[in-house]
Amino acid sequence: MSIQVKDASIFYGDFKAVEDVSMSIKPKSVTAFIGPSGCGKSTFLRTLNRMHEVIPGAYVEGKIQIAGQDIYGPNVDPVAVRRKVGMVFQRPNPFPTMSIYDNVLAGNKLNSKRIKKPEADAIVEKALRGANLWNEVKDRLGKPGMGLSGGQQQRLCIARAIAVQPEVLLMDEPCSALDPISTAAIEDLIHELKSDYTIVIVTHNMQQAARVSDDTGFFNLKAAGQPGHLVEFNPTKQMFTNPDNPDTEAYISGRFG
Amino acid sequence: MSNTELSNEETKLSHATLPRGAQWLVGIAAIALGGLALVLGVSIVGAVVIGVLAFLIGYPVWALLVENKRSATDKLVTGLVWTAFGVAVIPLIWLVYMVFARGAATINPEFLTYSMRSVTGDEQGGLYHALMGTLIVTGIAALISIPIGIMTAIYLIEYGKGNRLAKAITFLVDVMTGIPSIVAGLFAFALFTLLVGPGTRFGFGGGVALSLLMIPTVVRSTEEMLKLVPDDLREAAYALGVPKWRTITRMVLPTAIGGIVTGVVLAISRVIGETAPLLVASGFNPNMNTSAFDDSPMMTVPVFIYTQLSEATQKGVEYAWGGALVLFILVMVLNLIARIVGTIFAPKTGR
């Protein structure tokens, strides 16, 4: 599903966190957001599945459409949006009371959906294979998810997110708490997931953006206390070789931020 | 660093130390001093105080003479901490010992299965009626307090998030925590005097009085446990398309259940020994009464202890100690259950 954003501004109460973002995200592609800390890229990512509404007082102006539907329309159920737009967080957060198996099925279990055992087994295996974790955990599916290593936990969270079959997968700095080997595993996974999902990833690591993404958006702040804005949105290749905006070049070449 | 530098007095890393087992030597000397004081006619408490003071002064002073100031301070403070520990624990152990020593002789099958109906003089009576009464009254209190307390805590943490109503509730809960227990009893008594009739004393009234004392404890402990569930997990559930109420009932509560159950059981064991509110709201009754809603008083173990003690007979005092032991064991069992449940439900992190 494609995502169209037009003049989106994001507020926390009176504070305007992000201003006038417009972009068009292609279906079945990887889009990366880069930019200095506090520029609102995570905030913007969270508006794509209405997760920012969890914070009291947060709201959005402008239009965000997924597959042609305005997700902030008057009759839209945020729960339905989140079922279509999954999310992986910065820190791995498997449910501590659940086994690996139950964690993968959490989307169904928490919604009290009854599924037959063979069907559930199939979902778990497919999701874990999809997250490149199956071979490592297939003999201990009943063990607690918290017992896995950090990188495995993060892949478990990805498996959990894809088990509910979303169309879009949002990733908020998914590798920032991981070592290089686990990071490489997740990046490989992103390449594979691209064929089925539209992926949007926030990252602090510009090499990572260059490695995994098709398009890149660069967010920046004019000054501290000012709202963040989208400086440039272009194909990653162009962004890293011949950016339109001198600020982008300065950031990418490491001259600031 | 070269050896010549190390031999320099100012950079020396070692110093003279007390002989090994120095603390035992000082300890034996202190005990001997206390014993001497005892022989010379000082009371046992005085002798113990002299012994402890001798150790607290003697050991640091010796360390100061042989080692240095820092080590002397260390020994002084260590001694003080241990003394404080002893002061805190000795009365506790003494209490447990006394309850067992005095109460054990009273406990027999008759004592546990008889009521005090028509018991006069030296006839065998028992606290069966009081035991049943305590279980019923506390059960009623738990049935009222647990749902109200847990739901209040859920509102405060999951929905209120510091809005005005939540702040008001938190304030009221804090005030309720400080209610003197007899006031809770008077409230329940007055309430049922208005609702049922003057002088109504019955089991349900006692339960209501206890629930007033129990609700704030349940709210507080549940709140603390819900706060411990990371927001990350709530967000993870939302991101899977789980509605908020299902997130709370199926993820947040199961994650926190161990702590919540522990808190609830500890709250029960807090109120199970309450005497004053039950004296007022539930009343005295030498007979068996298992109906909490009948307009007749229901006996409870604390009130049983109180009445037996006020009889001031040989038998009465024995029964009071027996009742104390039964109550003590009841509370101990509840605490044990709380611990076991806490470990069973704790989130597993094992590999």
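Note: Cβ is positioned from N, Cα and C throughout, glycine not excepted.
What TrEMBL annotates here:
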type	residues	note
DOMAIN	B:131-338	domain 'ABC transmembrane type-1'
TRANSMEM	B:21-38	transmembrane segment
TRANSMEM	B:44-65	transmembrane segment
TRANSMEM	B:77-100	transmembrane segment
TRANSMEM	B:127-157	transmembrane segment
TRANSMEM	B:169-196	transmembrane segment
TRANSMEM	B:202-219	transmembrane segment
TRANSMEM	B:251-272	transmembrane segment
TRANSMEM	B:319-341	transmembrane segment
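Proximity of the transmembrane segment (B:127-157) to the transmembrane segment (B:251-272) is established through 3 or more Cβ-Cβ distances under 8 Å for residue pairs spaced 6 or more apart. Stretch with the largest number of CB pairs closer than 8 A to the transmembrane segment (B:251-272), among B:21-38, B:77-100, B:319-341: B:319-341.
At the 8 Å Cβ threshold, with sequence separation of at least 6, the transmembrane segment (B:77-100) comes into contact with the transmembrane segment (B:319-341) through 3 or more pairs.
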